[in-house]
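K.L.:
Pasting the feature list from Swiss-Prot:
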type	residues	note
BINDING	Cys48, Cys74, Cys147	[8Fe-7S] cluster binding site
BINDING	Cys265, His431	[7Fe-Mo-9S-C-homocitryl] cluster binding site
Amino acid sequence: MPFELFGVDAEIPDRKKHIYVKKQGDPEGDIPACNTTTIPGCMTERGCAFAGAKGVITGAIKDALHVIHSPVGCTAYGYGTKRYPTSQEMPDGSMFPIEKFNLKYITGTDLSESDVVFGGMDKLKRCILEAVREFPEANAVYTYATCTTGLIGDDIDAISREVSEEIGKDVVAINAPGFAGPTQSKGHQVANYTLFEDLVGTAEPPRTTEYDVNLIGEYNIDGDLWVLKKYFEEMGINVLSTFTGDCCHDEIKWMHRAKLSLVRCQRSANYIAKLLEERYGVPYMKVDFFGIEYCRKNLMAIGEYFGIPERAERVIEDRMKKIGPEIQYFKDKLRGKRVWVFSGGPKNWHLPRPLEDELGMEVVAVSTMFEHEDGYEKIKKRVREGTVIVDDPNSLELEEIIEKYRPDIILSGIKEKYLAHKLGVPCILIHSYENGPYIGFEGFLNLARDMYAAIYNPVWDLLEFEEDVN
């Protein structure tokens, strides 16, 4: 059978259907069970729906003020959770007055017991008004329901409409309390639909060209967006709107004027791309810029769509001249090294082929926190026989994967990093990079360089482990 029960899950046999080992000849539909509530007893690594909305989708918007309607814990959780830097430049050429506003500030209602008993809507209104007085530079306000306010039934939509009329600015209510879905993926969906229904089509861009695109699902993690925008600028393509890396609130309003939507993260933002096509006729193309071949193929596809393939070829040729020799050096150093990829969703099927085909590494394990069935089908097609694919792994499973599959390096998030280090395995953050960008040609070189530096760091030779007395 292709499904396996880890030893640490002996008391939770239902975990078996979430752990799949690829074997030749397996039925096409054999994939891990996914997008379901975490099994009680598992120490999950997942985030909540609120994290998916604020931490992924809206938190990257450079000129919006965020008001979390919650006890203080959710507000703290919503702060500084991603490395998505922003520039101060606005689409009309003006400059937003506060540098990295989205990373520096967050506000919350700090609900108390009495607010839970008697309702917190008045407090929410006061908090929004106070925040706007404190930060008049903000061009919009985003308010968020959380588990507590969702359970007591506070109507954040009504308060948002009321305050919007009072202050003359958009106040967008995001109803994605933590319990809204089994993973943060539900928060992505709620935020996509909310921003589309409330904002898209309500304003016009300062200018348009015949090569306007929306870059959707690109959150500018440690500068990824700026790498891609440079490619497009050299091709003569204008990024009209991004969703939502380094974007301003108004950019979302004129997404309907693009000639094409490019969907980068196909788990968190495919919803708005489909809505734009259905209502406004904006076609979309799913793209992948991780690794050399995927980047080359997708730049060519975009160039061919607009009838300018020669421009894409020039960009590709220029970058390959710059990175070719160094990539070969790191391939020689990384060949045969075993890697475990553990990300939220799509990077698990973006990365295996480039790591194996272009760096000579062996992907021994892939695991995700919130991938859906279509994503697991892609993962299954892109990994080799014997690779273990795990949905929603718990903390004890992480240890067993390390002990059983012996990865030389793990590409994961901050929650897994220090556990890996304690077990003597180097780890690179692949969600919110510590040393990116990792996208595009030069980004893939950065990733190769960082993996080399992590694996060959002499500190791993200095670690001492106690013998297992059992």
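Placed from the backbone N, Cα and C atoms, the Cβ positions cover glycine too.
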K.L.:
Compared by Cα position, which of the binding-site residues Cys48, Cys74, Cys147 is the closest one to Cys265 ([7Fe-Mo-9S-C-homocitryl] cluster binding site)?
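P.N.:
Comparing Cα positions, the closest of these binding-site residues turns out to be Cys48.
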K.L.:
Quick one: of Cys48, Cys74, Cys147, which of the binding-site residues has the smallest count of other CB atoms within 10 A?
P.N.:
Cys147
K.L.:
Taking only the Cα atoms, work out how far Cys48 ([8Fe-7S] cluster binding site) lies from His431 ([7Fe-Mo-9S-C-homocitryl] cluster binding site), in Å, as a whole number.
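P.N.:
Here the two Cα atoms lie 16 Å apart.
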K.L.:
What does the structure give for the C-alpha distance between Cys74 ([8Fe-7S] cluster binding site) and His431 ([7Fe-Mo-9S-C-homocitryl] cluster binding site)? Integer Å is fine.
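P.N.:
Pair distance, Cα basis, whole Å: 20 Å.
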K.L.:
Could you state the CA-to-CA distance between His431 ([7Fe-Mo-9S-C-homocitryl] cluster binding site) and Cys147 ([8Fe-7S] cluster binding site) to the nearest Å?
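P.N.:
Per the Cα atoms, His431 ([7Fe-Mo-9S-C-homocitryl] cluster binding site) and Cys147 ([8Fe-7S] cluster binding site) stand 25 Å apart.
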K.L.:
Can you list, in sequence order, the residues of the same chain other than Cys48, Cys74, Cys147 whose CB lies within 8 Å of the CB centroid of the [8Fe-7S] cluster site?
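P.N.:
For the [8Fe-7S] cluster site the neighbour list reads Ala49, Phe50, Ala51, Ser70, Tyr77, Thr146, Thr148, Pro177, Gly178, Phe179.
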